[in-house]
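S.K.: Sharing a structure with you now.
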Amino acid sequence: MASASSDSPSKHTRDEAILASLGYKQEFRREFTPLEVFGVAFSIVGLLPSIASVLFNAMPNGGPLAMVWGWLFASAFIMCIGLAMAELASAAPTSGGLYYWTHSLASPRCRNLLSWIVGYANTITSIAALASVDWACAIQITAAVSIASNQVYMATNGQIYGIFAALVLSHAALVSLGTQILARLQRLYILLNVCLCFIVIIALPIATPSEFRNSASYALGDFTNLDGWPSGFAFVLSLLAPLWTIGGYDSSVHMSEEASNATTAIPWAIVGSIAVSAALGWGINVSLAFCMGSDLEVILNSPIGQPMAQIFYNSFGQKGALALWSLVIVAQYMMGSSCLLVGSRQTFAFARDGGLPFSRYFYRINSYTKTPVNTVWLDALLSLAIGLLAFASTQAINAMFTLAVTSSYISYITPIVTRFAFKNDFKPGPFNLGKFSFPVAAIAVSWMVFMNIVFFFPATPQTTVREMNYTVVVLGGFMSLAVFWYYCPIYGGVHWFNGPVSNLVSVDKGQDDDSVSEKMGKGRDIDVLTVDV
């Protein structure tokens with residue numbers, strides 16, 4: 001025990017030295033152990049509630065075949081993305097992560113613009129992720145009320161938005177707490193998520209009445225196409241379910257400055273969360289495919305308003321379904337808190353480098369909680385604004401799910417490509433793939449480019465203005481504004497944004513207690529470096 005405790009300060013010292021080599025001083029408390037960093041990524045995945053949130057996408061676009069084999073197919077590509085990102089995270093573990101790597105690895109001619117684009121794409125990803133998770137949680141709460149009322153209650157969009165707003169605001173209050181509290185909560189999140197997975201994998205087949213049990217040929221081989229796209233394209237559209245579910249693995253990157261032994265803890269958290277989620281998620285989908293019955297239209301059009309809740313209702317009855325569904329809601333709520341936790345750190349890092357409007361007000365750490373309270377509430381308020389899409393149409397609010405994937409892929413693709421496309425002094429960290437680095441990166445980038453194009457298509461071939469896919473509108477509008485602001489005459493980022501800027505300077509004595517030191521100096525070249533540990 002003595003050696004373990006005495007080793008902790010040295011680990012923190014080494015972490016601080018690595019961070020200093022990247023140009024930043026230590027500002028957060030390093031309270032997150034490797035297990036807890038994994039817990040952040042795993043709780044954002046939130047397997048069972050996440051699968052429940054996007055089951056409406058897989059079921060009409062392939063049914064059981066898409067749920068079971070589409071999950072495995074997509075998981076292989078997701079792992080390639082995670083491995084490529086893990087290498088970068090091991091080399092440069094900083095909260096800025098993606099936009100920092102982009103600036104460090106790109107050509108001096110374009111690195112400021114590329115870093116700017118990635119920073120904003122990552123910001124909208126964080127906001128869309130929180131909005132989609134909390135919107136799904138609001139729907140799950142109304143589904144619970146529907147189950148309790150024997151499917152009599154049906155919520156309006158206004159009621160769902162009210163619940164959604166309450167969830168977002170409560171998350172903002174929770175994530176404003178001290179780092180140690182947030183770190184310890186990750187262990188609870190891991191336990192609950194794993195228990196929920198095994199309940200569905202083991203208990204659901206046992207409890208399901210015979211009339212809802214499916215044969216192996218149906219569960220593993222039936223292809224049901226309800227939305228009208230050609231079967232091959234419908235299968236590809238169904239992949240939104242695993243891609244959204246096993247997403248957010250960059251979350252551990254944004255916790256780099258609060259993690260101990262970050263050069264190894266962060267990459268293994270990325271890879272570990274993907275591997276565990278892929279395995280357990282496949283088990284959940286197999287269990288659902290065998291226990292959901294064969295009338296998918298009835299499940300999708302259930303008055304409960306949530307396909308998985310209807311499956312649980314059929315199998316466990318009212319009381320059993322309500323009990324299990326309550327745990328799903330708790331797990332989904334935990335996902336929301338983790339999303340805001342991670343998103344606020346990314347926003348803080350981008351403000352630290354001057355990328356946001358009014359950065360000097362958002363680049364602050366509360367003197368009492370030692371957390372970036374201002375960016376917590378900024379992300380929360382922007383999520384509330386995105387949630388207003390609910391009053392446009394169902395497809396408009398569903399765009400939050402595809403928006404979270406497409407915007408994240410923009411921010412993932414760019415640093416991976418810049419590593420190999422430009423001459424740079426990339427030095428791998430402790431986690432590296434050696435000769436497999438380029439093939440894995442090529443597969444990951446090709447996959448993300450293809451899927452980003454696919455996810456701009458509408459849910460059905462015959463669409464209207466109300467039922468169109470609003471992902472391209474929201475993402476295109478947001479990124480267009482970001483680029484416009486960059487090139488804006490006089491005030492645009494092109495005149496002053498220099499990417500990551502070192503803050504290794506002393507804090508002025510007269511500074512506000514709640515404020516971190518204002519950034520000093522001009523932009524500088526930053527190589528991706530590691531320190532021997």
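Note that Cβ sites are derived from N, Cα and C of the backbone, with glycine treated the same way.
Whatever TrEMBL says is automated annotation, not expert-curated.
Taken from TrEMBL, the feature transmembrane segment covers 35-56, 68-101, 113-141, 161-183, 190-208, 228-247, 268-290, 322-342, 399-422, 434-457, 469-488.
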S.K.: At a Cβ cut-off of 8 Å, and with pairs 6 or more apart in sequence only, do we get at least 3 pairs between the transmembrane segment (322-342) and the transmembrane segment (35-56), yes or no?
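M.R.: These two stretches do touch.
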S.K.: Applying the under-8 angstroms CB criterion, which one of 35-56, 190-208, 268-290, 434-457, 469-488 scores highest with the transmembrane segment (68-101)?
M.R.: 268-290
S.K.: When each of 35-56, 113-141, 190-208, 268-290, 469-488 is checked against the transmembrane segment (434-457) for Cβ pairs under 8 Å, which one has the most?
M.R.: 469-488
S.K.: May I ask you to check whether the transmembrane segment (113-141) and the transmembrane segment (469-488) make contact, with contact taken as at least three Cβ pairs under 8 Å and only pairs 6 or more apart in sequence counted?
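M.R.: Counting Cβ pairs under 8 Å (6 or more apart in sequence), the transmembrane segment (113-141) reaches the transmembrane segment (469-488), since there are 3 or more.
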S.K.: So which of 35-56, 190-208, 228-247, 469-488 has the most C-beta pairs under 8 Å when paired with the transmembrane segment (268-290)?
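M.R.: Selected stretch: 35-56, with the most Cβ pairs under 8 Å.
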S.K.: At a C-beta cut-off of under 8 Å, are there same-chain residues at least 6 beyond the transmembrane segment (469-488) that contact it? List them, or none.
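M.R.: For the transmembrane segment (469-488), the sequence-distant neighbours (Cβ-Cβ under 8 Å, at least 6 residues beyond its ends) are 113, 116-117, 120-121, 124, 357, 386, 389, 392, 395-396, 399, 402-403, 406-407, 410, 455-459, 463, 494, 497.
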S.K.: For the transmembrane segment (228-247), give me same-chain residues lying six or more residues beyond its boundaries with a C-beta closer than 8 angstroms to one of its C-beta atoms, as numbers and ranges.
M.R.: 44-45, 47, 50-51, 53-55, 57-58, 61-62, 65-67, 70-71, 73-75, 78, 129, 132, 274, 277-278, 281, 401-402, 404-405, 408, 451, 454-455, 457, 459-462
